[in-house]
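Colleague: As annotated by Swiss-Prot, topological domain 'Extracellular' applies to 1-21, 70-89, 154-181, 246-268, with the evidence given as sequence analysis. Per Swiss-Prot, the feature N-linked glycosylation site maps to N3. What Swiss-Prot records for 22-42, 49-69, 90-110, 133-153, 182-202, 225-245, 269-289 is transmembrane segment, and it gives sequence analysis as the kind of evidence. Marked as topological domain 'Cytoplasmic' by Swiss-Prot on the basis of sequence analysis: 43-48, 111-132, 203-224, 290-319.
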Amino acid sequence: MTNSSTFCPVYRDLEPFTYFFYLVFLIGIIGSCFATWAFIQKNTNHRCVSIYLINLLTADFLLTLALPVKITVDLGVAPWKLRIFHCQVTACLIYINMYLSIIFLAFVSIDRCLQLTYSCKIYRIQEPGFAKMISAVVWLMVLLIMVPNMIIPIKDIKEKPNVGCMEFKSEFGRNWHLLTNFISIAIFFNFSAIILISNCLVIRQLYRNKDNENYPNVKRALISILLVTTGYIICFVPYHIVRIPYTLSQTEVISDCSTRISLFKAKEATLLLAVSNLCFDPILYYHLSKAFRLKITETFASHKESKAQKEKPRSENNA
């Protein structure tokens, strides 16, 4: 290990980020719990988009498990064993969630594209059985890529402050980590292309139908497509712009201390944007899942009715 990597204080001053991660965790866990309740309460009819959204929700729960540990470690109050656990397990869960989210958003976009542009045909990819099978394949693929980072033996290093996860890794662990990063970047670029192409095709089709008498449904569909695209770009694009140079700084291809510190801070800031998909996903469920939308409507409608019934006797008594 070089002197620059030994003495460069890369992994410090993380406390300001932790407050934002904590806010994301609070909003995200409330939204995810409500989404779970809504999907359980309402029959989703096992439509493809519902299957993909349920898988997306499952991935979000992995993130809610990981964030409290990351927050504790970044605050500098975690015991040594918890810091090791974070590097081996919970940090990997964050990336498992990220790439599952990217892939399932791509399948949601494909499903919407086929529904709105080729509505007269039913393709194999739109069958619920195929959606379940491809979801299982996606989970298996992502876990096969990421889980070795959890189980490859780590080095036994002396306890010290501001230690980075790469310092725990053996040479084989570092090489696998590097391979994982570039596979992940390839996943991002390929599925980003799918999302953008699918959504552009849908927007073009909807624009052609803008004068149709069914305009309210067209407008709702357009909003949902723009929501997916905008949320995806905000959450995931900045992180992957930073990830390639940050990976090079981890392997000491980039060794300048100030550059490494800047890249690490940029990585943390863009990772914050990436995990904020936890807050964005419940909005996505509302626009894309009829079952979720109906449950929310029923819940607020019943709340208003009960409130009106409570206020009615008061008004009668005052009269």
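The count begins at 1 with the first shown residue.
Glycine residues also receive a Cβ, built from the backbone N, Cα and C atoms like all the rest.
On this model, are these features tucked inside or out on the surface, and what's nearby?
Modeller: Proximity of distant same-chain residues to the transmembrane segment (22-42), defined by a Cβ-Cβ separation under 8 Å and at least 6 residues beyond the stretch ends, is recorded for 50, 53-54, 57, 60-61, 63-64, 67-68, 71, 272, 275-276, 278-279, 281-282, 285, 289, 291-292, 294-296.
Within its own chain, the transmembrane segment (49-69) is flanked in space by residues 21-22, 24-25, 28-29, 32, 35-36, 39, 78, 82, 85-86, 90-91, 93-94, 96-97, 100-101, 104-105, 107-108, 111-112, 128, 131-132, 135, 138-139, 275, 277-278, 281, 284-285, 288-289, 291-292, which lie at least six positions past its ends and keep a Cβ under 8 Å from the stretch.
Summarised as a single figure, the pLDDT of the topological domain 'Extracellular' (70-89) averages 93.
If you look at the transmembrane segment (90-110), the same-chain residues 6 or more away from its ends with a CB under 8 A from one of its CBs are 48-49, 52-53, 55-56, 59-60, 62-63, 65-67, 69-70, 125, 131, 134-135, 138-139, 142-143, 145-147, 149-150, 165, 184, 187-188, 191-192, 194-195, 198-199, 202, 228, 232, 236, 239, 271, 274-275, 277, 281, 288.
Below 8 angstroms of C-beta separation, residues 98, 101-102, 105, 108-109, 112, 181, 184-185, 188-189, 192, 195-196, 199, 202-203, 206, 254, 263, 266-267, 269-271, 273-274, 276-277, 280, 283-284, 287-288 of the same chain, each at least six residues beyond the ends of the transmembrane segment (225-245), sit close to that stretch.
Counting only same-chain residues 6+ beyond the ends of the transmembrane segment (269-289), those with a CB under 8 A from a CB of the stretch are 17, 20-21, 24-25, 27-28, 31-32, 34-35, 38-39, 44, 49-50, 53, 56-57, 60, 63-64, 67, 94, 97-98, 101, 108, 112, 220, 223-224, 227-228, 231, 234-236, 238-239, 241-242, 296.
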Colleague: How does the topological domain 'Extracellular' (70-89) divide up by DSSP, counting helix, then strand, then coil residues?
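Modeller: Per-class counts: 15 helix, 0 strand, 5 coil.
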